[in-house]
Amino acid sequence: MSKKFAHTQEELEKLSLKELENLAASMREKIIQVVSKNGGHLSSNLGAVELSIAMHLVFDAKKDPFIFDVSHQSYTHKLLSGKEEIFDTLRQINGLSGYTKPSEGDYFVAGHSSTSISLAVGACKAIALKGEKRIPVALIGDGALSAGMVYEALNELGDSKFPCVILLNDNEMSISKPIGAISKYLSQAMATQFYQSFKKRIAKMLDILPNSATYMAKRFEESFKLITPGLLFEELGLEYIGPIDGHNLGEIISALKQAKAIQKPCVIHAQTVKGKGYALAEGKHAKWHGVGAFDIDSGESVKKNDAKKSATEIFSKNLLDLASKYENIVGVTAAMPSGTGLDKLIEKYPNRFWDVAIAEQHAVTSMAAMAKEGFKPFIAIYSTFLQRAYDQVIHDCAIMNLNVVFAMDRAGIVGEDGETHQGVFDLSFLAPLPNFTLLAPRDEQMMHNIMEYAYLHQGPIAFRYPRGSFILDEEFNPCEIKFGKAQWLVKNSSEIAFLGYGQGVAKAWQVLRALQEMNNNANLIDLIFAKPLDEELLCELAKKSKIWFIFSENVKIGGIESLINNFLQKYDLHVKVISFEYEDKFIEHGKTSEVEKNLEKDINSLLTKVLKFHH
């Protein structure tokens, strides 16, 4: 099999169908090989190989906008576009991104779901205004159709009549099991040939029948369409082709050529198998969606077993315990049941915990109503995805001052997924909201205490915790959580103080321990609360320590530094504040330890900076 992956449209057109199939097989082999070493989105990419090849053959990637929703299906596109030589660096520091990025030659950035059709609509408008003959092509998975933004875009696209192709990759899975009426609707797809030939027969019959018979025939056609997969799209004004076999290159190429010739908005419904070509992944739901390094033969993870439980596992276990204790606890996740650990609760309490698919806005507002009715909702969500429901957080939770708990997973640097997934903004966008209380645990025991407190707390409350395990290796005595109270972990006469928040406490402790080995010292405070701050403790601290270092995994702007400076100004206190929070730029992908070193946020870099102020 050929190992040359980069192909122009002209080169692909010269290949026979058999050669294209061989190319697809080689692509799969390469993707499996690289992802097994680097980790990545495996099953979704394996399921979209033929779709991507056909896109590149029928359309011109140099001029036609190729838009990959979420870009979990973009690896084949990267290989076809000339990234073969650097594909081995996928998701590595300073290497190829696992998502689409304009800086790598892609049309648009993607990492969050359900944006592709809106982008296609905008591209259509721009192309029309410029008088150009280009056709946007959007590849979107069936899971993304659970988000409302898709229908906002389809509604306008169908009315616009711009040339545009929506390639719907229907693997009936999304990340976890499919959720909602739309998924069930697509799964009822009928055979393309039968549906298309039926439409043609009806059209011919309507031309020759008298008026009364024509009316009856139209009613019959409308009734038939109620059980066909194209109804949804056709009623929105889009042409519909399918369902087709998404692994049959001949079928896909033919459908794309047909859609291109229509010169109207067209949806091609392609049915695929997630994980196609790797037997261990075929037909699996969440397990092979996003993976770490693994052994190809056995499918077993090659990651060293970490004896420490992940923060997600701790959250899941604590919530199970709380839910068994308090029957008014309910919860929701937006298409991430296994990622957030809510799958265990959905399994045990299916009438109290729900996965609402990719619908963060709906998730938040629906839980607001449950809080209004006297329940205690826990919303389990990645920090980066809470951004998608910001208006609902303000309008439906904060203003109403409802008893809603936001459990923000993947806070801080998340590593290989890069800019679109780093959880470094939540403190900045939640802290300004009246009625909100913000906390972060430093370790497992404090996570337990904070969750107990969150249940009893009145008003909206959010706590953040990291991807992976808590890294604090010192067992400080846990404290009872009291509203707005911090904990003084290391107390001495040093003029230097370390203020840690969440995972930042562990970093502060590591730097402090290194200082102590040099016969130096510093005070160590676990803020516990970012809002409200413990003003009493901080006023006492300001009397003795005049240099404060902030350890927090959030951006500086709107982060702990901003909150501390507001406090100091309020009481006219004169303290020098040095923040080790993140600068005003997006953080790229790579292993967390390597990213931190690049940002000079590793322990050695932090220690060097602290020593400049130590006398």
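Each Cβ is built from the backbone N, Cα and C atoms, and glycine gets one as well.
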Have a look through His72, His77, His395 and flag the one Swiss-Prot assigns to the thiamine diphosphate site that Gly111, His112, Ser113, Gly143, Ala144, Asn171, Tyr278, Glu360 belong to. His72
So, three-state DSSP: helix, strand or coil for His72 (thiamine diphosphate binding site)? coil
Go through the binding-site residues His72, His112, Asn171, Glu360 and tell me which ones have a CA within 10 A of the CA of Asp142 (Mg(2+) binding site). Asn171
Across all protein chains shown, the binding-site residues Asp142, Glu360 give the max Cβ-within-10 Å count at Glu360
Binding-site residues considered: His72, His112; fewest surrounding Cβ atoms within 10 Å belongs to His112
Annotated thiamine diphosphate contacts His72, Gly111, His112, Ser113, Gly143, Ala144, Asn171, Tyr278, Glu360, maximal Cα-Cα distance (Å, integer): 32
Drop a 10 Å sphere on every Cβ of the binding-site residues Gly143, Asn171 and tell me which sphere holds the fewest other Cβ atoms. Asn171
